[in-house]
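These features come from TrEMBL:
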- 7-26: transmembrane segment (TRANSMEM)
- 74-144: domain 'Copper amine oxidase N2-terminal' (DOMAIN)
- 162-257: domain 'Copper amine oxidase N3-terminal' (DOMAIN)
- 305-707: domain 'Copper amine oxidase catalytic' (DOMAIN)
- 376: active site, proton acceptor (ACT_SITE)
- 461: 2',4',5'-topaquinone (MOD_RES)
- 461: active site, schiff-base intermediate with substrate (ACT_SITE)
């Protein structure tokens, strides 16, 4: 026997043991992948029923287009190529059925309402050009259409009120480049270094000062990333009222504080040396100070929220179910995110929650800035819903939903991941108590809520729209504003209208208002509006009559009419105002849902303004009216381009009708004043720019419904609170020590632009 053999065997065995030990240690140090458990989501109602509210599918939109092309008897040009004098389909959306029909179907076994579309058409090639709206159905195989324009608006909608198509903006851009700019070549080249590509523009709205006007200021910027804060000082007023593009003309020019008749006069004044030139330093393509590229390298990964056993909510078609909540969701082309048939514990608490409008009113010492009043619904809060970035716009593992829309085209467009749904652990207790008196115990419930979100990018602004569902039966509607501030060229007395953000950039003061429709059905369709508040009363102490006590007492008032229920923007409103049911809880109180508004608004446009009626919803922080099918929205997409003769004037909804024991709607306005400041560069943050409302149960239940949540925690000093069966938090090292399965990062925001 070789004397070395035992040593060789020992060394070999040691190596094998070492390798096996490393493998075991390595395997033992890695957490297993998270495994989804069978869903424990409580199922209430029917997904099939929720489809009555579902957005149109791409195929349904295409069917509507084909039907209209074959049935109207007039040629329809693709809106993306349409000239102002053409006929075209501007957009197609779901025609939401009448509430009475829907409730018969949902609650009484009635027939399913016909599925229909609403199509908005521009008829430019008519003796009297106009806008018409058609209801087309039944889908998916259309067989009829009816013109509902007169029924909805009392007459044909004048053509000048039409929202501007992308094609018209492109035609206006071409007019600027080939006609307007051609009249001032020396000025443009020497002052603005114009090369045909390095200028971008933004437009003012509304278009003029009176009905029939279609005259627009174009603000010129350097064409770089974040161009909204790179004004060059030139603004051009274009009259494009005529349907004949060859008749369009420049009617005024503004440069660095001075007005000129047209571009020819500007050129002449420059060549003769009669212009005060403020040369703007050329910015690099990334915008330099406006670039959103991080100024610091990536560091440790962000905290990530995940679901160790899979989502605790379900999304099927357009229906969401979570912890006793259920609702249907959709996306309106004009108004954006909307919810229907919202139920808690199987009972409907709201029929509809929807965004109505987003309004911005600007001030400036430049013409476009001082005349701008954006009504973003006319551009399309749903149409411009952004594809969402996983891990930033929403949690990485949220459920992402694609939506479809048809606007400015004959073909529907898919927006990948334009809605997200997720459960959000807010990292704080919804309720808790630590007892160290008498008995020793701890009880509480983590505040984990469901969020449905969309984000709209309209020009420079991004709006983050949330509806949030809490385990105590409360609902929150919230919007957060971000994006770039709108700016004017800094000159003269600019500091009266904002703050200087960069060398030539004035961040212009503006108000932001958002309007919501809240159709609460508390314990049934018929509700009343009740106000509770407080007042101090003086009384003598019964046990010591010589002493006085000031004690708060409850005040109560039923608001009987629409006039009583219309609260002006800056007026004092009862702190507890609620929709009251005709039923009572166990303690004899009317069951109710309270409206609580979170808002720090600026001032509303003076009512003496010629255009105020078009935005008269913004007069009120809250207005409660009778629900009427003929008053479906607080505004119209046509108000933007003719606010002087508004197609819908919300002020007309309020006519002192009785609102006791009626089907009621709350119209809520929330807003804030934005005075841009240096920290808005490179762009505006959401912190502090969040407004909205809460709907909270008020004696609706006999006790807080969240006590029945499976997430509750309770243990005493005498219990083993490290045991899973006593304290579910003690189970986390076992139940949550897994690695979530992260899908590869994808983003479709740059496709099909």
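Cβ atoms here come from the backbone N, Cα and C positions, even for glycine.
Here the domain 'Copper amine oxidase N2-terminal' (74-144) returns a mean pLDDT of 97 for the predicted model. Here residue 461 (2',4',5'-topaquinone) is positioned 10 angstrom away from the residue listed as 'active site, proton acceptor', judged by their C-alpha atoms. Mapped onto DSSP classes, the domain 'Copper amine oxidase N3-terminal' (162-257) shows 32 helix, 29 strand, 35 coil. Neighbour count (other Cβ atoms within 10 Å of the Cβ, all protein chains): 22 for residue 461 (2',4',5'-topaquinone).
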